Amino acid sequence: MGSSSSSYAPKTIYLDVDGKVQKVVFSRHCSPCDIKELLCTSSNIPRTTAIMMVDPEGALVSMDPTMPTNSPNSLYKIVPLSTGQLGEKEDMFQNVLSQVAEQFSRAFRINELKTEVTNRLAMLEKRVELEGLKVVEIEKCKNDLKKLRDEMASRGGARVNCPCKYNFDDGKKVTPRRDVPNYPKYTLSQETVEALKKPTFDVWHWEHNEMLSCLEYMYHDLGLVKEFNMNPITLKRWLLAIQENYRNNPFHNFRHCFCVSQMMYGMINLCNLQEKLTLTDMGILMTAAVCHDLDHPGYNNTYQINARTELAVRYNDISPLENHHCAVAFQILSLPECNIFANVDTEAFKQIRQAIITLILATDMARHGEILDSFKQKVDNFDFTNEEHVTCLKMVMIKCCDISNEVRPTEVAEPWVDCLLEEYFMQSDREKSEGLPVAPFMDRDKVTKPTAQIGFIKFVLIPMFETVMKLFPQIEEIMVQPLRDSRDHYEELKQIDDAMTEGSSFVIKLRKDL
């Protein structure tokens with residue numbers, strides 16, 4: 001009961017009103033408004049006036065039931081607030097509110113920044129993780145390839161050298177030198193795609209990586225990747241291995257390989273062979289063209305046989321270079337990572353292999369008359385369902401493509417003549433130094449560009465292409481006529497050379513007479 005009565009006891013405070021002590025008593029349950037009204041009445045201040053209550057030290061005292069009591073010796077004082085003071089208080093309050101709002105804003109910005117930083121860190125961690133996986137995968141590929149090579153070497157894959165006058169190994173390995181295909185993927189423009197199908201294609205404007213991409217495109221465009229179920233990555237590795245196994249000769253190099261392959265692709269399109277031959281036939285034609293001069297040393301069969309080189313001894317003087325090109329081609333295909341025919345059944349692969357060998361061996365110019373005569377006998381009654389006829393056609397086609405430079409525009413064809421003569425002169429110089437016979441058309445002291453080309457165009461190129469024209473009349477304007485124009489061009493050059501030679505001789509004779 002005592003506690004109950006004390007909780008309801010009134011509260012007493014003492015005010016200083018104009019220097020007099022004023023006692024104010026109020027219930028503990030009064031509201032702050034009631035207390036403010038009571039204090040104003042006790043201090044003779046209008047009720048609508050804003051006031052504040054301070055202790056003797058000037059500290060604010062709350063005007064609600066919780067205010068502390070005082071004694072007559074420690075009087076509270078009621079102070080009316082002026083308009084200026086109210087404005088200051090309001091400004092202070094607004095300032096405090098602004099600072100609070102700014103602090104909240106900063107807090108939200110920090111949270112946004114934290115979120116952004118967290119997201120970026122997560123993205124970076126993901127990238128690092130993916131890059132790490134790529135590195136691991138690449139290292140795994142390298143290790144797998146190393147194991148394969150070691151295994152092949154342990155099975156006796158090393159080449160045996162023959163103690164002959166000229167060694168063709170030169171430390172060259174028939175393996176891709178790059179473990180992971182790394183030539184960039186080029187997107188061919190529509191203009192390039194159309195140009196690739198024509199004999200007028202300029203092969204001098206392309207880097208090796210671009211030529212690789214063009215060859216890759218040809219295999220996809222002809223449907224060979226789908227037909228032979230090739231792994232696209234294996235196709236890339238195979239093409240890289242092909243490129244690496246062409247030597248940097250003046251003429252017989254990777255650009256010549258691309259030149260012949262592009263002409264084959266062009267003839268397939270020009271002659272509509274997709275409608276006459278099987279996809280297997282086209283795969284054989286393209287692959288033989290790509291491989292036809294692999295690891296060519298820059299010295300022809302005549303040199304190999306006369307110098308009794310390792311290749312001539314190995315192949316009994318029978319097409320030593322062409323046999324070597326075939327061997328290198330199938331050594332590359334024997335590598336699992338480069339075998340574009342890996343998904344072809346065994347019997348079908350045997351037929352493909354034999355057909356490719358047949359075509360590459362047909363590029364030996366020593367067999368030119370034999371092959372062309374055989375085709376001439378068939379062309380008037382050619383039968384695309386006859387396997388022998390089709391094989392003969394494919395042999396003639398690869399021969400046409402192999403020596404087709406003069407079909408191209410003069411500005412494209414003429415640099416090839418310079419390259420070929422440079423290679424011929426290298427051989428003839430070597431033959432002279434070794435005391436071997438020298439062919440007149442290779443002797444730098446006897447041959448000129450016009451004399452080198454006129455006979456070849458008149459008696460080899462034009463008769464062969466005109467025979468093919470009987471079967472495919474559409475090639476006359478695009479392929480045969482340029483050969484006739486080239487023949488006329490070089491005959492004019494020869495006449496100029498002859499006139500200059502005759503003039504020089506006349507001047508020399510005149511000087512002697514004088």
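Heads up, the Cβ atoms here are built off N, Cα and C, so glycines get one too.
If you check TrEMBL, you get these features:
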type: ACT_SITE; residues: His252; note: active site, proton donor
type: BINDING; residues: His252, Asn253, Phe254, Arg255, His256, Asp293, Asp402, Gln453; note: AMP binding site
type: BINDING; residues: His256, His292, Asp293, Asp402; note: Zn(2+) 1 binding site
type: BINDING; residues: Asp293; note: Zn(2+) 2 binding site
type: DOMAIN; residues: 176-497; note: domain 'PDEase'
Over the domain 'PDEase' (176-497), work out the mean pLDDT and round it to an integer. 95
Neighbour count check, CB within 10 A, over binding-site residues Asn253, Gln453; minimum at Asn253
For the binding-site residues listed (Asp293, Asp402), most other Cβ atoms within 10 Å of the Cβ sits at Asp293
Let me spell it out: for each of the recorded positions (His252, Arg255, His256), count the other Cβ atoms within 10 Å of that residue's Cβ, using every protein chain shown. Which one has the most? His252
Sequence-ordered binding-site residues within 10 Å (Cα) of His292 (Zn(2+) 1 binding site), taken from Asn253, Asp402, Gln453, are Asp402
Extra residues within 8 Å (Cβ to Cβ centroid of His256, His292, Asp293, Asp402), Zn(2+) 1: His252, Cys257, Val260, Ala289, His296, Thr363
